[in-house]
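Feature list (source: TrEMBL):
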COMPBIAS  1-21  compositional bias 'Polar residues'
COMPBIAS  28-38  compositional bias 'Polar residues'
COMPBIAS  187-196  compositional bias 'Basic residues'
DOMAIN    84-357  domain 'Band 3 cytoplasmic'
DOMAIN    404-967  domain 'Bicarbonate transporter-like transmembrane'
REGION    1-61  region 'Disordered'
REGION    187-207  region 'Disordered'
TRANSMEM  432-453  transmembrane segment
TRANSMEM  460-480  transmembrane segment
TRANSMEM  519-538  transmembrane segment
TRANSMEM  550-569  transmembrane segment
TRANSMEM  651-669  transmembrane segment
TRANSMEM  681-701  transmembrane segment
TRANSMEM  738-757  transmembrane segment
TRANSMEM  777-802  transmembrane segment
TRANSMEM  838-857  transmembrane segment
TRANSMEM  864-888  transmembrane segment
TRANSMEM  908-927  transmembrane segment
Amino acid sequence: MAAMSTNDIPRQPNGVPTSPSAKGMTRVGSSLYANLQLPSKPKRPSIYGTDEDTTPDTDGLNYVPKDLVQHMLNNVKDKSRQSHNIFCELDTLKTFNGNLEWRESARWVKFEEVVEEGGKRWSKPHVASLSMHAILETRKYLMDGFQLLDLDVYSYGELTDKLLDDLIEGEYVDQKLRQYMRDILHKKHKHSHNPRPKSEKQGKLSTSASSISLYSNESQNGQAGSTVDAEGLLTQDYKPNSAFMRKIQKDSEVCNIMVGELDELDEPLLIFVRLKEPRILEGVSAVKLPTRFLLFIFGPPGSEKRCREMGRCIATMMIDDVFREVAYKGRVLADLIAGLDEFVEQVTVLPPSEWNPTIRIEPPQKVQSQLHRPVSMANLKEHGHEEKEGGHGDDPALASSKIPFYGLAQDIKRKLPWYLSDFKDGIHVQCLASFIYVFLGTFTPNVTFGGLLGQATDQYMGVMECIFAAAITGILYALFAGQPLNIIGSTGPMLVLEQIIYTLCKDNGWDFMPARCWVGLWTAGFILLIVIFNLSSLVKYITRFTEDSFATLIAIIFIVEAFSKLLSIETDHPVNFGNHPTDDICSCIYNCTVLNATGGHNMSLSSEHMDIWHLCHNSTNDVLSYNWNTTTCDLKAGTWSCKSAPYIPDVFFFSVLLFLGTFGLAVTLKDFKAATVFPTFVRQLISDFAVLLSIIIFVVVDIVCKLPTPKLTVPDKFAPTRSDRGWLISPVSDKNPWWLALAAALPAILCVILVFLDQQITAVIVNRKEHKMRKGVGYHLDMLIICITIVIHSILGLPWYVAATVSALAHINSLKRESETAAPGEKPQFLGCREQRVTALAIGILSGAAVFITNILRVIPMAVLYGVFFYMGFSALRGMQFVDRLFLFIQPVKYQPDLPYLRHVQLYRVHIFTIIQILCLVVLWVVKSIKLISIGFPMMVLATGVVRKMMEWYYTQYELSFLDDLLPGKHAEKTEERKHKVEKINFAFEPDPITVVGDKPITGVVDKKRPLFFVDEKENSTDSTYHL
């Protein structure tokens, strides 16, 4: 048995522990270390840049807690002392029907939960509010208390016997109190999830848990196995809280804290026990997890609240990453004290006049990462380094190279190991919801784009060609692209380019499809050169400034088009604000009753009249109605009759309701995962299927109301739009001169610029670091697939497709993964996107098969799909930094969010940056809207990059690192003035403070490493903290 008690620690004549083997801590008198926090906190211990062979100086007053903790973390490498997640349980000694029991009163997984009055309800998880007085008391009584480190025991009885023997030997407890203390330690533990037996409620004490066995039939690998009740005295009413186990990580261990009052004590006694191997304490812990730590805090009568606050301090520190490491790896008492002092250095003190300590602080939306002060190499390997969100200029995948196909080879090498998982990861219900949503969001624009393209090219390429192109490109891109989360679709600039090529051919009498085929082949050739010479690496010069401008423009186009298409419904279904029908319905009427009674054989009728008589004679209807004009009706001896048309005044307004309802319900259901009703799984499922549920609900509403709203129109047969063209296009035509094949290279250059920018800007947006893609990028491979699809589409006479920004962002947003809320109170954290190829592949396949499901698609009102467009554009704008900065113009300063760039950049300079971006956006919109100059849109996108470069004349790199991404080779260096200000924020460790002794100031009395807030009770017994 390897145990260490405080009796083994060398002490000074006044009883203060000294530093065993120069690794402990020297204390003068009964000093209290209280390093109160100033605006800048000292850095937590780190393993970077440390010398493991250098022992920190702990002699005299040269005591720096973080150095001692750092030294200990670097030198203790025993695998048995590797830290685990901790579940803390605090039990208080209470009386029930005259019998003592340990009653569960609080617990910690990541945040504190307390048992409310009545003992049946747990409070909401909240951040623990600790008083500085309680922390200082914890430190004092931990130093004066008793420790058993690495205690090797197999039963609770063995543990208590060893503990009591050492307490008696150290004169902490009188020999006469041994049996009494043992009975107290072995009282039954009452957990809130276990109801009391009826016999106990009637005053009969149930079997105690005083002899609960901790014996564990451990396996060879040292893991705790099932508990064996060797003495047979386990309480029958005890059941572990298996439901709560789902909130605790599997590798967690337990820290049991027991607090109680004893009449025989004059001052609190704190006992710290760490087991060498974790043991399962059934009946003691509320959960069936092995216990590693036990803390007993006993105090005199009337000190329960005081002792409970010390227990809360210890439990809160055990949840802290650094102190938990210290608790596992600490070798002596001095290590624990140093860990506590290091914890105090990070504590923020709230003034009592401005804060009510009874207020429960809600857990933060995002817990601060601890990786900036890693506690051990094991944790670094487990969690890795946290990357800063933002630019991609330092991405090694975008490194320039003169080796041909180098970037393509690296992309294939990077993506090949993930290829199989790309299909396995797609087998998830979230992917099903994403597939249906993105399919409807991309199929409708393809149909609309096909109608516009047909008008621009005299139906050489129409709706069917666009659907076929979406199928071919979607399938090939999903199977072989480097970033399959990109969605390939139609874009406005490509429509303008197609129209220019067609107009040029028509004006010169050339055959359009063969000439277009040569342009496509030249375009593919140029793109292949881009792939060969690794020119896709140039995208590293595209910063957030250009990305946000481009993405915002496309999103605004989606929103504007959604409203424009909605208003166009009024053209076919005009609004009639009067109470009369707009037109009468007239027809030619024959009264068959009169004709049949007269008899056709008695009538002298013409052949036309006899035909009518025969129709009436063979008809069962009394009246026949024909939609003839008045002249024909008179010739056939009919009666012209007009009646009011059935008035349907609400088609347009009903379409508006469908539009707004689809959008509003989709937004509401998408945010439903943050609601407080229903279990997490149900809320997440509703959020994933938000858009699909909105579409289904309002399609049903449209069907029930039976109004003739415009519906989605889909071709019902697979054939080219024009009957005089086939699916294969020959590049040779008798109408075209031979030199046209060479001249086609000129429009191909413009097409290459357009394709490259559309594709790569969207790819850059998708691959941003904040999306946390873990399978790598593939810019060069993406361009190769686009090159292949352009060749195929040119030969088949199909439109050229590239990455669609809004559709790709919608795809990304629909596949975002969040952590399941493990610990109570912990907010779900964004884990990244579900990277897979299944959704994009299914979208491509279903696009090609759309002609076979026309009966289903034709029941969807266009207003519902326009609502989906509005939602896609709206969701693309959410969370965009540019949009956030726009709101700063109308927000008062005191209500502005705590954004990083507002902390480091003056507000007026932020506004100037936003105004410049607005001007760039306006120019892009104007160029895109005017047909005569719209072909220059790609060049204007490039110009935004030039504007971004020019902004470096006004903004420092430090400011741009927060407002935008830095260009490659740039570094965010602060000015000397900023460096000076940052370094002087924390004055707690200023060197050589001045102390006045008598009339003479003496410099350097206090060591420069010693905090100024160090209270020595021996030197100043009248200090306000002396009562501690």
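Think of each number as a place in line: the chain as shown, counted from 1.
Heads up, the Cβ atoms here are built off N, Cα and C, so glycines get one too.
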*Quickly jot the same-chain residues contacting the transmembrane segment (864-888) by Cβ under 8 Å, restricted to those at least six beyond its ends, or write none.*
437, 440-441, 444-445, 544, 548-549, 551-552, 554-559, 561-563, 565-566, 658-663, 666-667, 670, 691, 694-695, 698-699, 702, 712, 805-807, 809-810, 813, 896-897, 899, 901-902, 907, 910-911, 913-914, 917-918
_DSSP-assigned states of the compositional bias 'Basic residues' (187-196) in counts, ordered helix, strand, coil_ = 0 helix, 2 strand, 8 coil
*Honestly, do the transmembrane segment (432-453) and the transmembrane segment (738-757) touch, with at least three Cβ pairs under 8 Å and pairs 6 or more apart in sequence?*
no
*Counting only pairs 6 or more apart in sequence, are there at least 3 Cβ pairs under 8 Å between the transmembrane segment (908-927) and the transmembrane segment (550-569)?*
yes
*asked:* On the 0 to 100 pLDDT scale, where does the domain 'Band 3 cytoplasmic' (84-357) sit on average?
replied: 81
*So which of 519-538, 681-701, 738-757, 838-857 is most in touch with the transmembrane segment (460-480), counting Cβ pairs under 8 Å?*
838-857
_Best-contacting stretch, by C-beta pairs under 8 Å, relative to the transmembrane segment (519-538) and drawn from 651-669, 738-757, 777-802_ = 777-802
*By Cβ distance under 8 Å, which residues at least 6 away from the ends of the transmembrane segment (777-802) in the same chain are close to it?*
395, 397-398, 407-408, 410-412, 414-415, 449, 453, 460-461, 465-466, 468-470, 472-473, 476-477, 480-483, 486, 488-491, 494, 498, 513, 516-517, 519-521, 523-524, 527-528, 530-531, 534, 536-537, 539, 720, 725, 727-729, 751, 754-756, 758-760, 762-763, 767
_Spatial neighbours of the transmembrane segment (838-857) far in sequence, C-beta under 8 Å, 6+ residues away_ = 422-423, 425-427, 431, 434-435, 438-439, 442-443, 446, 467-468, 470-479, 484-487, 712, 714-718, 811, 815
*Taking residues 6+ outside the transmembrane segment (550-569), which of them lie with a CB under 8 Å of any CB in it?*
448, 492, 651-652, 655-656, 659, 709-710, 761, 765, 805-806, 809, 862-863, 866-867, 869-870, 872-874, 876-877, 880, 882-883, 921, 924-925, 928, 941, 944
*For the transmembrane segment (651-669), could you work out the same-chain residues 6 or more beyond its ends whose Cβ comes under 8 Å from its Cβ atoms?*
562, 566, 569-570, 573-575, 686-687, 689-691, 693-695, 697-698, 701-702, 705, 707-710, 861-864, 866-868, 870-871, 874
